[in-house]
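Per Swiss-Prot, ATP binding site is recorded for G117, T118, N119, G120, K121, T122, T123. Summarising the annotation, Swiss-Prot assigns meso-2,6-diaminopimelate binding site to R401, D425, N426, P427, R428, G476, E480 and lists sequence analysis as the type of evidence. Among the features that Swiss-Prot reports, N6-carboxylysine is placed at K226, with the record citing sequence analysis. Annotation source Swiss-Prot lists motif 'Meso-diaminopimelate recognition motif' at 425-428.
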Amino acid sequence: MSRYLHTLLKAIDLQVRSGLANPEIKNLSTDSREIEKGDLFLGLDGEKVDGGNFWAKAIERGACAAIISKKASLLNPPTNEDPVVILPEPVSLFMGKLAADFWGKPSSEICLIGITGTNGKTTTSFLIEFLTTSLGHPSALFGTLINRWPNHEETSKYTTTFAVPLQAKLRKAVQAGVEYGAMEVSSHALSQNRVAGCDFNGAVFTNLSRDHLDYHDSMESYFEAKASLFRSHLIEDGGPRSVINIDDKWGAKLAKELNKKCWTCSLKENSQTREKADLYISNLQIMQDGYKGKLHTPFGVENFISPLIGEFNLMNMLQAVGILVQRGLPLNDLLAALNKFPGVPGRMQLINMDGFKVKEGYPLVIVDYAHTPDGLQNALIASRSLTKRRLICVFGCGGDRDKGKRSKMGEVAAKFADYIVVTSDNPRQEDPIEIIKDIGKGITIDSEISVEPERSIAIQLAIAKAKKNDVVLIAGKGHEDYQILKDQTIYFDDREQARKALSLKTDFI
């Protein structure tokens, strides 16, 4: 795909200055080191350095033109003869729109659904992809674990890819015949305009609880970032195009603002509260391997069976099914497919049932990505429903991240677990012991607790202490296969460590 520079600039409502060359653009690049002849260089402002500072290097290496910020132009001023465009602020917004236009606005060719919230994004997006594919609609998935579409799969580097490569991926997905797309949209992505140029057919708000306050400063700022998905990126046609969890106070606030532009959903047991929602569940029965009940929607009521564990996963299911019904897919077909959903790696993943032959008397071991106070509480409550004896929890908190949530996670663990093993979880530049001390400040009730900074030993300790009918929840890393220590990233997988610890276990009583 190729376009001319002037055409691209006019498409995003920018004036073309006198004397600016009008080269044909072969591709877009944000890395001056990877420029190929005919590329348009987009100098993005990063966390540590402004990529626009390297515009001259990009031109030397064959870029036909460069687009940079005013700040970058002051450091290395271009002449009027240089093929350089200086963008107004916010630069990231214009670059996202430019990338979308270059790739032919691919999001407008599919039913793209954005999922945002603190917890539940990954499971909800996996559900949407699975259900649409099961109904015969080729689908794409963009998120924390993976980016994939027919005949293509790649490990994700970010929950939401940056705008320029994201638009290229969307075009490839469209070329592969995709009809639906499920995209996790993080608050960072919304703040940094990574989804600029994306037209969302639908959106889901899962919940909002404490996380990323090292970046957003306050819950209000965090909420405003999330809410921008619904205010600025949804297609406008006057009808409902979103599903909002009103059991969450921030969701209730957003739903009130959106009014008839959304469907609300609730799991509240109070029937008067629940039945005010557009989507809700009745006749709920807990089974050993999931739930069954009746799912109520504005388009009808159907029986369902869900293989997902935990009440929070009922909300994920309700929202995934709800947004697809809202977009026109048949409720009965969606629920028929739901029972076959294989789950999500590292999300309430039962290790004993994951290719590991269980001996009589083994404890049940669960690995989950829960890394916020609310997420940990949900995972512990779900795990409690599976235990006939003790609930053991292994967890830590990330270094160089929101310190305020550490004591809150300690408080949650002490409240809901019988035995806690506090350990490391990507300590980065911080001392693991200092992080553990911060966690300990929240453990004020009389709790059985062990401290083991070495995560592999902590997992072994928890499983070694577990008896028959105990449940061990290993929280925080989920699907991740690494541990970040100082400037080093080492291979580490909670699931592998759990299987190893189970294989060494000899005491089953």
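Numbering starts at 1 and runs along the chain as displayed.
Just so you know, glycine gets a Cβ as well, placed from its N, Cα and C.
Known features from Swiss-Prot, placed on the structure.
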residue: G117; record: ATP binding site; CB count, 10 Å: 27
residue: N119; record: ATP binding site; CB count, 10 Å: 26
residue: K121; record: ATP binding site; CB count, 10 Å: 25
residue: T122; record: ATP binding site; CB count, 10 Å: 26
residue: T123; record: ATP binding site; CB count, 10 Å: 26
residue: N426; record: meso-2,6-diaminopimelate binding site; CB count, 10 Å: 24
residue: P427; record: meso-2,6-diaminopimelate binding site; CB count, 10 Å: 24
residue: R428; record: meso-2,6-diaminopimelate binding site; CB count, 10 Å: 17
residue: G476; record: meso-2,6-diaminopimelate binding site; CB count, 10 Å: 27
residue: E480; record: meso-2,6-diaminopimelate binding site; CB count, 10 Å: 19
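When the recorded positions K226, D425, N426, E480 are screened for a Cα within 10 A of the Cα of G117 (ATP binding site), the ones that qualify are K226.
In this structure the C-alpha atoms belonging to G120 (ATP binding site) and the residue listed as 'N6-carboxylysine' are separated by 14 Å. Among the recorded positions K226, D425, N426, P427, R428, E480, the ones whose Cα is located within 10 Å of the Cα of T118 (ATP binding site) are K226. For the motif 'Meso-diaminopimelate recognition motif' (425-428), DSSP puts the residue distribution at 0 helix, 1 strand, 3 coil. A sphere of 10 angstroms centred on the C-beta of T118 (ATP binding site) encloses 23 other C-beta atoms. Taken together, the residues of the motif 'Meso-diaminopimelate recognition motif' (425-428) have an average pLDDT of 97.
On its own chain, the residue listed as 'N6-carboxylysine' has T116, G117, S187, L190, F205, L208, W250, L254 as residues at least 6 apart in sequence with a Cβ closer than 8 Å to its own Cβ. Comparing the Cα of N119 (ATP binding site) with the Cα of every entry in R401, P427, R428, G476, these being the binding-site residues, the smallest distance points to G476.
Around the Cβ of R401 (meso-2,6-diaminopimelate binding site), 20 further Cβ atoms fall within 10 Å across all displayed protein chains. Sequence-distant contacts (6 or more apart, same chain, Cβ under 8 Å) of D425 (meso-2,6-diaminopimelate binding site) comprise H371, F395, G396, C397, G398, R455, G476, K477, Q483.
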